[in-house]
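First the structure, in the form of structure tokens, and then the observations on it.
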Amino acid sequence: MSPVKVFGHPMLTNVARVLLFLEEVGAEYELVPVDFVAGEHKRPQHVQLNPFAKMPGFQDGESLHIKSRAIAKYILRKYGGTAGLDLLGENSGIEELAMVDVWTEVEAQQYYPAISPVVFECIIIPFIIPGGGAAPNQTVVDESLERLRGVLGIYEARLEKSRYLAGDSISFADLNHIPFTFYFMTTPYAKVFDEYPKVKAWWEMLMARPAVQRVCKHMPTEFKLRARTRCLCTPRGCVPCRAGDDPTQEKRPPSRGWVIICPSTSSIPFQFQQHEESACASARASPDSLL
């Protein structure tokens with residue numbers, strides 16, 4: 001059987017979510033790089049995979065899927081039984097299943113809207129404006145942190161009663177928190193979690209999982225302007241870039257290219273080339289397309 005294909009880049013939170021559940025179930029997969037800042041996700045080839053021109057694209061044989069949380073559920077339903085995992089709670093009682101559904105919705109509707117603006121302001125804006133010329137919008141950060149504290153207070157109360165959000169076993173709901181929280185914990189506001197000891201302990205349990213470590217190992221925490229190399233680092237090793245990505249085979253006008261530093265190998269897996277003002281406008285319009 002051919003491995004499933006994930007189209008995107010492992011630094012993106014939605015791509016990382018899909019990779020995380022593939023790693024949890026031990027499924028074989030191929031990661032196909034997509035240069036999103038160069039606009040490859042808007043080209044016809046990718047739009048055939050994802051009509052909304054977002055990432056990831058996901059292909060399993062002739063079957064195409066979109067939306068990272070839906071893809072993750074597909075992965076668990078197809079491969080979770082073989083791996084002995086019931087992260088969706090579908091083999092448990094109706095109450096357990098309901099709790100997984102509830103906290104999955106809480107993550108998407110309450111937690112994500114509170115935490116993502118902080119990540120965007122502290123990581124994305126400085127990343128796409130060369131030289132660090134764009135300071136975070138402190139009003140947005142402060143308002144988001146206030147909202148996040150309200151959510152974390154509810155989480156703290158919940159985790160005083162159970163080991164994980166949906167009960168005493170880890171679930172789909174818990175693991176969906178990984179991508180954005182990972183980046184949040186690299187910001188100056190990570191200490192907010194120290195105010196909620198049960199939440200902090202829960203987060204540390206999640207980060208201790210081998211699958212989580214394999215995926216987060218390739219989610220960069222350092223962004224620098226460097227020369228380009230020819231590999232894409234993934235949880236399954238380095239994937240050579242396509243010939244078209246080889247600067248020796250492609251003539252381009254001089255431009256500043258921002259790259260991400262793979263923390264595990266110190267190699268440079270990707271380059272982004274776009275005028276900073278255009279990139280900033282695009283990011284503000286659709287921040288989820290960047291992380």
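Placement of Cβ uses the backbone N, Cα and C atoms for every residue, glycine included.
Copied from Swiss-Prot, the annotated features are:
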- 2-83: domain 'GST N-terminal' (DOMAIN)
- His41, Lys42, Lys54, Met55, Lys67, Ser68: glutathione binding site (BINDING)
- 93-223: domain 'GST C-terminal' (DOMAIN)
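This view paints the features noted in Swiss-Prot onto the structure.
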residue	record	Cβ neighbours (10 Å)
His41	glutathione binding site	25
Lys42	glutathione binding site	12
Lys54	glutathione binding site	22
Met55	glutathione binding site	27
Lys67	glutathione binding site	16
Ser68	glutathione binding site	27
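Largest Cα-to-Cα span within the glutathione-binding set His41, Lys42, Lys54, Met55, Lys67, Ser68: 18 Å.
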